[in-house]
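Undergrad: Shown below is the structure under consideration.
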Amino acid sequence: MATGMTCGYGGTYIVNDCALWVNKGEIAVIVGPNGAGKSTAMKAVFGMLNLCSGSVVFNGDDITHLAPQERVRIGMGFVPQNRNVFVSLSVEENLEMGAFISDSNVSTLKEQVFELFPILAEKRNQLAGNLSGGQRQQVAVARALMTQPRLLMLDEPTAGVSPIVMDELFDRIVEIALTGVAVIMVEQNARQALEIADQGFVLVQGSNRFIDSGKLLLANEEVRRSFLGG
Amino acid sequence: MTKHVGVVYFITSIALLAVGALQSWNIALSIFNLCIISAVMALGLNIQWGYAGLFNVGIMGFTALGALTAVVVSMPKVQRAWVVASNGLILSFLSFIAVVISIVLARRLLPLTSSLRLPVTIGLLIAGYLLIGNFFLPATKQIEAIDPVISGYLGGMGLPILLSWPIAGIVTAVAGWLIGKVSLGLRGDYFAIATLGISDIIIAIIKYEEWLSRGVRNVTGIPRPVPYEIDLLDLSWFVSLTHFLGVTDINNASSIFVKLCYGVLFFVVLAIILWLSERALKSPWGRMMRAIRDNRDAAEAMGKDVKARYLQVFILGCAICGIAGAMLATLEGQFTPTSYIPLRFTFLIWVMVILGGSGNNWGAVLGGVIIWFLWVEVEPVGNWFVSIITASLPKTSFITTHLIAGTSYTRYLLMGIILLSVMRFAPRGLIPER
Amino acid sequence: MEIANAFALLTNFVIIPSITYGAQLSLSALGVTIVFGILRFANFSHGELMSFGAMVTILITSLFQTKGINIFPIPTALLALPIGIIATIAIALLADQLIFRFYRKNRSKPIIFTMASLGLMFFMAGLIRIIIGPNEYSFADGARFLISFRDFKAITGWDQGIAIKQTQLITLVVTLIVVINLLWFIYKTRWGKAMRAYSDNEDLALLSGINPERVVLLAWIIAGALACVAGTLYSLDKIYKPFIFTQITLPVFAATIIGGIGQPIGAVLGGFVVAFSEVAVTYSFKKFLTYLAPTNWEPQGLVQLISTDYKYAVSYIILIVVLLLRPTGIIPGKTT
């Protein structure tokens, strides 16, 4: 969906001629070493920084020049890496804010999300700021889901959570993809992430190094040696 | 100095000269003198805001403290007040020291973890407050009871008034050190609110501690560093000088001469402070201050002791404002605590610095001069303007009287417009920082 | 009997005045805290905004009075208040469009906003004094007392009476209505929650599709309305004088910071804390203790913590102490 993206901050190009795509109901994972421009590429897709060249196409429409807020409206949901929940709002209010622009029935939407994340239903009246790290990430994903996105973008959803919570989060993400949402995410835990990925992108210095299905990347000797630690 | 700086200064002097020619030289000189004092204050603030980015809105407090110092240094001692009250004052001072020592000791003795620390400290503070009050309040009552119409306060040290200028600098530096110590941990808006509060506390103390400052009853007749107009008339050299110059109105001449003397004195002080500020700005210290202002975190990461630097710069700025306060009290010959209001003594100085160009000393001086000039001259110009637009109306009509009553407040309006437009259209001021 | 007298004394001179003053401060602090929460700067012009609102209300009130329109025994000012509110909101929105929007677009530092608010303060101080002059205005024309000192003593037979001014009751009732509605709006409605979300995390609010300009607009509407109501109630209860409102900014900031900046409930609490301490610390408890203490045990001095001269200074001292010891306030607020 995004092709030939070149962009960066203040004159230096961090992302160079990079391409990313994902289909409906599939999960795409971006992995790569530190400083490879993974998060930057993601932000570029979402329009949080301007492209120097290249284009972003969503659902057949060219949206290269659309503002991030507008992209939310047409069905792109974004979960930032940091500060991704409203800490002084309750879990339920966080979800309501996610559905701020939606015209459909908020309470049925909320129940659907609570079904996916039962723990949040239990804590719906707690302040999001008082939750544990894993639960917060769930709130963050749930908030983005409330916008009813057709494409869900996650920037390191498992940063700073325990392995058990990570597995659970990945399970949820797979479930989300099964409902027909396209998921694209940046991950540090490359091996586990690639296991659930339909499509994998290995980024090095802002450019695509390998593009393949998750399984094939895991099987690729060079990828394993260089990026997955053997 | 660049050509640009020369041009703006030239235009400003023309404006002052125009006032001299059109209104009177007396008025022009009084404006000029206060312009210089304003310029000194603006320099003080420029050191804090322009060099270091400290949002100090407590200038009023330091100026008033400087003015109070002028009173305490120069006024004659009230002997009777000292006689009746010295015991009480000494006792209260001793008890103050005792309280401080006991609190420090108690906090030393109690372990850090002890839950008793806070209650004991508060208890000692209250006990100390009552103890000091026990000696202090009767003593101040006695002082205030002595000839309340003309004295009713301790008086001063009877030293030459000029000595009070450097002393005011030292006193306000100490105050600045204390205040900076406690409040510089706060950032941005919080620091602003804290300094505004502290300056109001200082004014409240000066206003209501009558034994020290005569409070709202004002101190008048502060000694002068220059001759009195009346005395000049008896001096043969002055009389012959006026004859030599061919002046007819000798009273007016003496008043101009006195103002000129003040002007020269103030100008010397301004020149010294300006020279020192420029030296400081161009030194490695000045460069470091600007680095801290532009990126505090980076400077901190490079191992600069940011807090200590802030404290230095805060103290320096406060001391300069204090000197300006002493100069002001000297010029006015009186100390009126109620005239110290933030609009005039804090926020106006801010307009000066922003207009002149924050970070540029020449700009701050220029801003001080221009803003004070406008502050004073808006009223006559406004009156003239009103008289033109209401020329067709009867003198007693509601609109005429209302508009005339309002003209003195157009200065507030104008200052607001100047501040907002400079920030919007020329955020670097008239003489931008190099 | 003695206890009743002591109670009446305390109620009349400490509790009623500080509740009234506290309510007025709370309303003002709410406005400051909302602007701080949404626009992230300390609005030094809020006092002048209050003054402006009160001024418009006074002008409309006198217009009504000359036309003979009134709602006796309730002060005419309450009839004029809605017009004052609309005018204050209008000037707040105008100021935002002409001044603050530019810096918002440029993403300027909070300190620049604060400085711009100083400019606005100057401008409005001048404007107000040109329009209405620097003098005092008293415009409470309704019934003066709900219960007067003398009536109370006659009814109860106590030595001490409790007088309740009508303006005090009006202050309380109006404050109660405003605060309840405002809290309901902020905590229960969709846009109220959006405002809290924006105040909490601007970027995420954008990602949720919340329109920032709309939130800012709401913040100014609320702040303007609150400023006008607070200013009118204050001057109705005491007196209107432009200079008072230049001075009141600090106690209002004190209340805001004590409550925790950006915290509506905190601002309400902070207002009462400041008011109670100002009144209680400077009140002489001599008479009160004389009633309670056994005979011959009357206290000697005034039993007053700080001289009445320092009434205002008390709030500054509280402000400084809170800033230094617990800058986050009662309810942890935002930091810049």
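Cβ from N, Cα, C; glycine included.
Keep in mind that TrEMBL annotations are predicted by a computer and have not been checked by a curator.
Keep in mind the model is a prediction, meaning the values are calculated, not measured.
Among the features that TrEMBL reports, transmembrane segment is placed at B:7-25, B:31-47, B:54-75, B:81-106, B:118-137, B:157-178, B:190-208, B:256-277, B:310-331, B:337-355, B:362-378.
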Undergrad: Would you kindly list the residues that approach the transmembrane segment (B:362-378) from elsewhere in its chain, counting only those six or more residues past its ends and only Cβ-Cβ distances under 8 Å?
TA: 1, 5, 8-9, 12, 15-16, 19, 31, 34-36, 38-43, 45-46, 50, 270, 274, 348-349, 351-356, 407, 410-411, 414-415, 418, 429-433
Undergrad: What residues in the same chain, six or more past the boundaries of the transmembrane segment (B:81-106), come closer than 8 Å to it by Cβ-Cβ distance?
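TA: Tertiary neighbours of the transmembrane segment (B:81-106) are 120-121, 124-125, 127-128, 131-132, 134-136, 138-140, 142-143, 146, 151, 153-155, 211.
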Undergrad: State the residues, same chain only, that lie 6 or more residues beyond the ends of the transmembrane segment (B:7-25) and have a CB under 8 A from a CB inside it; answer 'none' if no residue qualifies.
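TA: Beyond its ends, the transmembrane segment (B:7-25) has Cβ neighbours at 31-32, 35, 256, 366, 369-370, 373, 377, 380, 430-431.
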Undergrad: Establish whether the number of Cβ pairs under 8 Å between the transmembrane segment (B:157-178) and the transmembrane segment (B:337-355) reaches at least three, counting only pairs separated by 6 or more residues.
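TA: Checked: the transmembrane segment (B:157-178) vs the transmembrane segment (B:337-355), no contact.
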Undergrad: Given pairs 6 or more apart, does the transmembrane segment (B:256-277) have at least three Cβ pairs under 8 Å with the transmembrane segment (B:54-75)?
TA: no
Undergrad: How about long-range neighbours of the transmembrane segment (B:190-208): same chain, 6 or more residues beyond its ends, C-beta under 8 Å?
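TA: Those are 54-62, 64-65, 68, 175, 179, 183-184, 215-216, 337-338, 340, 342, 346, in sequence order.
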